[in-house]
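Structure record follows, encoded as structure tokens.
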Amino acid sequence: MRKIVINGGRPLKGSVTISGAKNSVVALIPAIILADGIVSLDGVPDISDVDSLIDIMETMGATVKRSGDSLEIDPRGVKDMPMPFGKINSLRASYYFYGSLLGRFGQAIVGLPGGCDLGPRPIDLHLKAFEAMGATMTYEGQNMHLSTNGKRIHGAHIFMDTVSVGATINTMLAAVKAKGRTVIENAAREPEIIDVATLLNNMGAHVRGAGTEVITIEGVDKLHGTRHQVIPDRIEAGTYIALAAAVGEGIRIDNVLYEHLEGFIAKLEAMGVRMTVSEDSIFVEKQDKLKAVSVKTSPYPGFATDLQQPITPLLLKAEGTGTITDTIYEKRVGHVQELANMGADIRVLGSRISYQGPSKLNGTHVKATDLRAGAAMVIAGLMAEGQTEITNIEFILRGYSNIIEKLKDLGADIELIDGAE
Ligand code: EPZ
């Protein structure tokens, strides 16, 4: 089983360059199915989610050329066929194929794990939007069959009961080639939504209002090829900023858009983290005394749920007590027990996490319980005295490109062990 081994307690310094946004590119790649020409993406992160999506696209008939951080995708060979169940199961964001296949073919046949179980992270808002646009949903064994029964998908006025990044993007994908107008109210406002809308508009779509809570889409008949630069990954950036504040002795983080991280940076400043923000980089100085604060996540532009786990080890360095409340995923607490096993004074109390700092962390065996929890364990391992072994690291490699190399370049004593045991 592969693991990451860290000998902690060393100061890190230097610079790190942030890659393209995972939560943008997992939608941009399926969106390309809607084009009648070649689409190239630049700034694509080197993560396993991208490998999985390329695999699915090629299985469906697209041709994909990858060179460095660029992808050139020709979707014209994509066939109207059931999606390869085994592969789509590898990542949640494969649901974006529903919207783009509906938009292109008027149907999407997708395997679901164990019948129609929508799992702990439901997709009811996606399906409600597709039904409003004329798609019917039937189940054939392990497959969910979304179909407009031969008619062209049509626009609709959709109010999202919950602010949802996935449902907002998926509805845009289905709407850009629909007949007529689609209005999405109570839309999510994340930067990744703007990035997808930018790609679609550069392909010839008419999407207005992305980044606000009302998005209007006028359907068009055809979408052409284009070239697109993926926005920087604000969650990877926030992770390295927290790491720099926790164990850095002066680290510059490059390819960061400050405006994508205002809620997060405001929280770090409240702790006393000293940073210098310039146009597309942030310099984080070595920190001395830090003040404990409380964190409450909310949809963008609030404090991102994806950053509550990576900031937690830094909070543990601070003087005082605080709480962390994730209003989006209440159960996103897998890292708490792992940190407690390292000696942290942290616990889950009802629907929130409570901590007392400063906690001295000691290296031990820990596991990544999900992607961002895994990032928290890497930071904790760099902070801890002694050796930390992290297992279940596939989670981490899904969302953090070249993390071992990036940390080694900063002076970390870190290895990825391919151990057979
Ligand atoms: C996206 O997930 C991100 N993933 C998540 O990042 C991120 O945590 C989340 O948005 C934040 O909102 C990608 O972009 C690939 P949602 P998504 O729909 O779209 C509920 C990471 O670490 N909901 O915005 O799946 C849902 O249960 C990942 O990179 C419904 O009830 O999240 C949640 O409570 C983790 N019904 C809330 O809405 C639905 O149909 C927000 O979820 C859809 C969502």
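Glycine too: its Cβ is placed from the backbone N, Cα and C atoms.
Note that TrEMBL annotation is computational and uncurated.
The annotation active site, proton donor is assigned in TrEMBL to C116.
Packing around N23 (phosphoenolpyruvate binding site) is summarised by its Cβ count: 24 other Cβ atoms lie within 10 angstroms of its Cβ, all protein chains included. Secondary structure from DSSP puts N23 (phosphoenolpyruvate binding site) in a helix. If you look up TrEMBL, you'll see K22, N23 marked as phosphoenolpyruvate binding site.
I328 (UDP-N-acetyl-alpha-D-glucosamine binding site) falls outside any helix or strand according to DSSP and counts as coil. The feature UDP-N-acetyl-alpha-D-glucosamine binding site is assigned by TrEMBL to R92, R121, P122, I123, D124, L125, D306, I328.
Summarising the annotation, TrEMBL assigns domain 'Enolpyruvate transferase' to 7-407.
Annotated 2-(S-cysteinyl)pyruvic acid O-phosphothioketal per TrEMBL: C116, in sequence order.
Remark: L125 (UDP-N-acetyl-alpha-D-glucosamine binding site) has M160, D161, T162, S164, G166, A167 as non-local neighbours, by Cβ distance under 8 Å and separation of at least 6 in sequence. Comparing P122 (UDP-N-acetyl-alpha-D-glucosamine binding site) with N23 (phosphoenolpyruvate binding site), their Cα atoms are 17 Å apart once rounded.
On a Cα basis, N23 (phosphoenolpyruvate binding site) lies 16 Å away from I123 (UDP-N-acetyl-alpha-D-glucosamine binding site). Along the domain 'Enolpyruvate transferase' (7-407), the predicted structure has mean pLDDT 94.
Note on proximity: of the binding-site residues D124, D306, I328, the one nearest K22 (phosphoenolpyruvate binding site) is D306, by Cα distance. For D124 (UDP-N-acetyl-alpha-D-glucosamine binding site) paired with N23 (phosphoenolpyruvate binding site), the C-alpha to C-alpha distance reads 20 Å.
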